[in-house]
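According to TrEMBL, the protein carries these features:
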type: ACT_SITE; residues: Lys170; note: active site, proton acceptor
type: BINDING; residues: Phe10, Arg29, Lys87, Ala119, Arg234, Val252, Glu255; note: NADPH binding site
type: BINDING; residues: Lys87, Gly115, Ser117, Lys170, Asp223, Ser233, Arg234, Asn235; note: sn-glycerol 3-phosphate binding site
type: DOMAIN; residues: 2-138; note: domain 'Glycerol-3-phosphate dehydrogenase NAD-dependent N-terminal'
type: DOMAIN; residues: 159-294; note: domain 'Glycerol-3-phosphate dehydrogenase NAD-dependent C-terminal'
Amino acid sequence: MIGILGAGAFGTALAVTLGREQPVTLWARGGAPRLAVDLPEQVRLTADLGEALAETVLLAVPMQALGGLLRAEAARLRGRALVACCKGVDLATGLGPTGLIAEACPGSPAAILTGPSFAADIARGLPTALTLATQDEAAGEALQRQLSTAALRLYRTTDTVGAELGGALKNVIAIAAGVVIGAGLGQSARAALMTRGYAEMQRLALALGARPETLAGLSGLGDLVLTCTSDQSRNFRYGQALGAGAAFDGSVTVEGRATARAVAGLAVRHGIDMPITAMVDALVEGRVTLPQAIQSLLSRPLKQE
Ligand SMILES: NC(=O)C1=CN([C@@H]2O[C@H](COP(=O)(O)OP(=O)(O)OC[C@H]3O[C@@H](n4cnc5c(N)ncnc54)[C@H](O)[C@@H]3O)[C@@H](O)[C@H]2O)C=CC1
Ligand SMILES: O=C(CO)COP(=O)(O)O
């Protein structure tokens, strides 16, 4: 049995695909999943977290809720294989998902499942490929077998730093890509933004110990491409609204907002130049106007690529 904590769009989609092949218990804090889909017979929905505590537990809550959930449930989660399914950097600690797991549940195998996939596509059984990262090679092989399905292919790596930073940072760049399109700056500008965004993702991630091939893989470049080019992405749509001066529903999960804040701080501490992330953070926080943000990016010094 697999336990999934969090019945938002992603947790529910994972329950649907995994539940077609094996028993799954899906914990919904409020008792109901967010995606309007039929759950396979082997998926049990519960409002009692204890019932979802299997040997393998997927943590599918938003990034800024992960630390609190881990601390509250540490005693019951310890010793289980814990697979984070969220993308971002924790504002309070600057840690990524596996760092939060290690802090709350030391000794538990900590993994992250990340990469290009919209929950709706996974739930429909469309083909999807994700990265499963864990430092423990044997645990990684076991999880890869357990969590791959006919439609969901998992690629394995031990580079947790690269996998989680790729997934976190691409959301910030997706907001910027949305701003570019929302402000009517055109698709050529978006391609430039994505490329320069990828350069700054690499600068930070490599400085923090990530491997370049992880950044070039599904969890980095793959997810950057998906999220910056599809209006299925909530980060992209949020950016579009910012760029167009339109309203955006505040209840929608937009991970790139808090991640921009956390990463702007990390970049300063590590002396890494991340102008797009800094611009997104300043724009989201209302410290600059849209024309100022665009002007500051266009007036960067001319330099080598
Ligand atoms: N939706 C998607 O297509 C994908 C989402 N992800 C990632 O999955 C993570 C979760 O996102 P979604 O499921 O899309 O969000 P969502 O907004 O659809 O759902 C979030 C769920 O978490 C629950 N939740 C919030 N705080 C909680 C807490 N403290 N304890 C328990 N439950 C809590 C909410 O009730 C809600 O059901 C994010 O980090 C996102 O980046 C990753 C890949 C695809
Ligand atoms: O992470 C995702 C796709 O891989 C989902 O993107 P959004 O959170 O922007 O909707």
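Just so you know, glycine gets a Cβ as well, placed from its N, Cα and C.
All features noted in TrEMBL, drawn onto the structure.
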residue	record	DSSP class
Phe10	NADPH binding site	helix
Lys87	NADPH binding site	coil
Ser117	sn-glycerol 3-phosphate binding site	coil
Asp223	sn-glycerol 3-phosphate binding site	helix
Ser233	sn-glycerol 3-phosphate binding site	coil
Val252	NADPH binding site	coil
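Around Asn235 (sn-glycerol 3-phosphate binding site), a 10 Å sphere centred on its CB holds 27 further CB atoms from the protein chains shown. Ranking the recorded positions Arg29, Lys170, Arg234 by C-beta neighbours within 10 Å puts Lys170 at the top.
Checked against ligand 2, the recorded positions Phe10, Arg29, Lys170, Ser233 give Ser233 in sequence order as having a Cβ less than 6 Å away from one of its atoms.
The least crowded of the binding-site residues Asp223, Glu255, judged by other CB atoms within 10 A of its own CB, is Glu255.
Comparing C-alpha positions, Ser117 (sn-glycerol 3-phosphate binding site) sits nearest to Phe10 among the binding-site residues Phe10, Lys87, Arg234. Counted over all residue pairs in Phe10, Arg29, Lys87, Ala119, Arg234, Val252, Glu255, the record's binders of NADPH, the longest Cα to Cα distance measures 22 angstrom.
DSSP assigns Arg29 (NADPH binding site) to coil in the three-state reduction, placing it in neither a helix nor a strand.
Sequence-distant contacts of Phe10 (NADPH binding site), defined by Cβ-Cβ distance under 8 angstroms and a gap of at least six in the same chain, are Ala60, Cys85, Cys86, Ala119, Ile122. When the Cα atoms are compared, Gly115 (sn-glycerol 3-phosphate binding site) and Arg29 (NADPH binding site) turn out to be 25 Å apart.
Checking the recorded positions Phe10, Ser117, Lys170 against ligand 1, the ones with a C-beta less than 6 Å from an atom of that molecule are Phe10, Ser117. Every protein chain considered, the tally of other Cβ atoms within 10 Å of the Cβ of Ser117 (sn-glycerol 3-phosphate binding site) stands at 23. Rounded to a whole number, the distance between the Cα atoms of Val252 (NADPH binding site) and Asp223 (sn-glycerol 3-phosphate binding site) is 19 Å. All protein chains included, Gly115 (sn-glycerol 3-phosphate binding site) registers 25 other Cβ atoms within 10 Å of its own Cβ. The number of other CB atoms found within 10 A of the CB of Ala119 (NADPH binding site), across every protein chain shown, is 20.
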